[in-house]
């Protein structure tokens, strides 16, 4: 029987949409949520269920459109109502002084000019068009006149309101920057490294690539954010100052970086603010590559106008680059624990952003071909977003003709086994089950702090274990005897005892550590903790079916398939049997943890911690049922601040978040009460 769409159902749908829009605004714009993530998800599920039953209720403004719709065949052009102009660049204090002097000459005044100083986010510029408060189009900048229509993708970004609030104009085109903050970027890259995949190069490229996915569902899976900074078309009367415009955008429900924006009274204060931002650059939770300076008063902006393709009333003062020019001297092949073979550039050593760099990632051979990189090329190396340097450009004008092509490998550089590259992957993989390079990386991973934490078993000793053929599998670590270790260079009696004690102590590490240490592809430390809590012991996990795994929240098809394949392999079953016989017996996990002292709490650690390392502190938070976060928001329950705590401590105080010293944090853990 067909369900009838009644007025009561329409009203219920409208109410659900209003609730979701309201709570989305509280979370992303005001940073003051009133409900938990779980409660928000429940509301969304009710909406999705209702719209599945009554598809005619689906509208472009429905919060359901954030989850991503059907893939597009291609992007269509989008003409901007007002050109999206570029900004003239300044690179030092003299350039800013010259900018101020040009403005005063044009205006025929000697009076100080009031400026607005905004961080220049390193993201992707977009234009959002709202008609009667409803988002009807989102477009990339393109050539400034015509971009690409990316509306379906932008609708999936939760910080972009689908419906404006309060006294919005009839029609407005809002300009903003789409970006990914550093904590999310690093987390995504760690997940890729844990899975043996190539990490993303930098946050900007990731944001740009995410926006240009033809399948909006892929965009929806990326933690994109927006920061709005201006307008194109506006049907109502524009405010008198740019500061007031930003306040209006915020009042309409749009995300604006008001916290780091400053209105100053003269160019000398602009220079001072530039220096402050430059010094705080590393403390910010997002990438910035400079500061945008704008004449604050709109009437002066209109009088100054535009020259060619840039406004006279604004300038982008760029930060010194984290780039340097050097020579690509060689390429070595690196083999990971999953067999992934990746190219690493050997460089003439060069200083990049205060760090000496002698090697850099080339990612994969598709990237080498895109760069058209050759051995002997003069290249630009960059450190951005993450600590791993990368080659980003070849200076072809400096070629001499002596450069050499970088060939694609066909065999593993270590064991000479054939390399195979699957259609859906960007790197080839070594097929040698007993490849020494794969074993070396597997041993390093197994012994790491996040794994079995075998203290003292570093790269130097692992190299000697392999060279002396003392281990051929991970399990052989637990078969080592004192006389074996005496074969090491400069190995004394006490050091040998310490190593054997560390190996013995690792036998009782938590189950999550063992799961992570096994190196199952696509299973990082977070997923390992989920699996440990869900299954309680290794036997139950090893016997879990694909359907059982896929039903677990946060476990997707790729991860579930990888886990099933790992435990189905004869080699891995033999390894688990060996480990059990050798006494590796992690204590059973409580499958329904309750009563933990930080249950449901979000904790941020900041500053130079003295009582414990940041990693140890985060592990303690997780052990007590809490969540360790890298950024402060109104959802944060506690900030643990060590000496030198900076912007995170300031933000915690401004939001009224409880700040604890290290000793207070440890006392809180030790106290028998749930905070």
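Numbering starts at 1 and runs along the chain as it is shown here.
Cβ atoms here come from the backbone N, Cα and C positions, even for glycine.
Here TrEMBL flags 37, 38, 39, 40, 41, 86, 87, 118, 141, 177, 294, 318 as NAD(+) binding site. If you draw a 10 Å sphere around the CB of residue 141 (NAD(+) binding site), it holds 19 other CB atoms from the protein chains shown.
Residues or ranges marked as active site, N6-AMP-lysine intermediate by TrEMBL: 120. Under DSSP, residue 120 (active site, N6-AMP-lysine intermediate) is assigned to a strand (E or B) in the three-state scheme. Cβ neighbour count for residue 120 (active site, N6-AMP-lysine intermediate): 21 (other Cβ atoms within 10 Å of its Cβ, all protein chains included).
Per TrEMBL, the feature coiled coil maps to 267-294. Using a Cβ-Cβ cut-off under 8 Å and counting only residues 6 or more beyond its ends in the same chain, the coiled coil (267-294) has close neighbours at 87, 90, 93, 96-97, 99-100, 112-113, 115-123, 179-183, 202-204, 229, 242, 260, 301, 313-319, 384-385, 630-631, 646-648.
The Zn(2+) binding site annotation in TrEMBL covers 412, 415, 430, 435. Around the Cβ of residue 430 (Zn(2+) binding site), the number of neighbouring Cβ atoms within 10 Å comes to 26.
Averaged over the domain 'BRCT' (593-675), the predicted model has a pLDDT of 76. Look at TrEMBL and you will find 593-675 tagged as domain 'BRCT'.
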Integer Cα-Cα distance in angstrom, residue 412 (Zn(2+) binding site) to residue 141 (NAD(+) binding site): 44
Cβ-Cβ distance under 8 Å to residue 415 (Zn(2+) binding site), same chain, at least six residues away: 430, 432, 434, 435, 436, 437
Of 87, 412, 435 (the binding-site residues), the residue whose Cβ has the fewest other Cβ atoms within 10 Å: 87
Residue 120 (active site, N6-AMP-lysine intermediate) versus residue 39 (NAD(+) binding site) - Cα distance in angstrom: 35
Residues within 8 Å of the 412, 415, 430, 435 Cβ centre (excluding the Zn(2+) site residues themselves): 335, 339, 411, 413, 414, 416, 417, 431, 432, 436, 437, 438
Other CB atoms, at most 10 A from the CB of residue 39 (NAD(+) binding site): 12
Secondary structure at residue 39 (NAD(+) binding site), reduced by DSSP to three states: helix
